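Student: If you scroll down you'll find the structure; I have some questions about it.
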Ligand code: CP
């Protein structure tokens, strides 16, 4: 699929795995690989972006900003702590406001599941790109994960992919399992039973961590999200007990298939989800994921720009 076909896909906003089919996923991966290989793009008219991060972020925020700048977009600073949301302004009025001021693309992260449903179309010339909603979706992480797997193996069909850890709190797990299942991968899940939701059964099976580790090509670890826990969960695990029971120790890593890789959306709790030396070891693609994130976010933003005809004379 060429870039021009991408303009036919419904990326007027980019908010969820549900929007992405196999064809558009592969087109976005190809385009991100073009950007990684050094291709550039020029838009004749200015395009303005604002990054509205109501939850903390290192990777996604800086990566979107890098992608915007590499595409030649103008980034309008937005600091949630000093915005009028703190005075009670609604998110919808915030989008209408930045839209009226001239922002074309609002990249947003917010703790409310599905926040974007009320904001798409709030201002007709402002697109919403979801940088993570509560425990809902994280489409740009999903797409950079697909790119990293594709770069390694060249296909998805028939790959065995394991996702381990805090599945029920994880927007990354939710987006990735939906998309990888669509692309023909065989999925396995593991971790604490209380962090598994039976609704995930449609995408894969729930097995023990040692059984999963020895059969997968891609081992995706999820961060233990202490900030989303209630007191009961916090008391259930210490870092040490989690690592011993559900983490990837050096001994467990030795049981992996010869070409299997580790992935993690990060930030990593070193020596909790994964032994610290494995984070930097030869099987790790964790920093490759971050590098790929810039190029994939360029491809996603370009798809939105093209779908909306921004930047045209
Ligand atoms: N992977 C991820 O979303 O990281 P940040 O929270 O740092 O953006």
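Cβ coordinates come from backbone N, Cα and C, glycine included.
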Student: May I ask you to find which of 109, 202, 308 TrEMBL records for the carbamoyl phosphate site already listed with 59, 60, 138, 141, 266, 267?
Tutor: 109
Student: To the nearest whole angstrom, state the Cα distance for the pair residue 266 (carbamoyl phosphate binding site) and residue 171 (L-aspartate binding site).
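Tutor: Answer for this pair: 13 Å between alpha carbons.
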Student: For residue 171 (L-aspartate binding site), what residues in its own chain, 6 or more apart in sequence, show a Cβ-Cβ distance under 8 Å?
Tutor: 132, 133, 134, 135, 136, 137, 138, 141
Student: List those of the binding-site residues 59, 60, 109, 223 whose Cβ lies under 6 Å from any atom of ligand 1, in sequence order, or write none if there are none.
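Tutor: Among 59, 60, 109, 223, near ligand 1: 59, 60.
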Student: With a radius of 8 angstroms around the mean position of the C-beta atoms of 59, 60, 109, 138, 141, 266, 267, what other residues of the same chain does the carbamoyl phosphate site pick up?
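Tutor: Everything else in range on the chain: 57, 58, 131, 132, 172, 265.
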Student: When DSSP states are grouped into helix, strand and coil, how many residues of the domain 'Aspartate/ornithine carbamoyltransferase carbamoyl-P binding' (12-151) land in each?
Tutor: 65 helix, 23 strand, 52 coil
Student: Nearest to residue 223 (L-aspartate binding site) by Cα distance: which of the binding-site residues 59, 60, 109, 267 is it?
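Tutor: So, of the listed binding-site residues, the one sitting closest to residue 223 (L-aspartate binding site) is 267.
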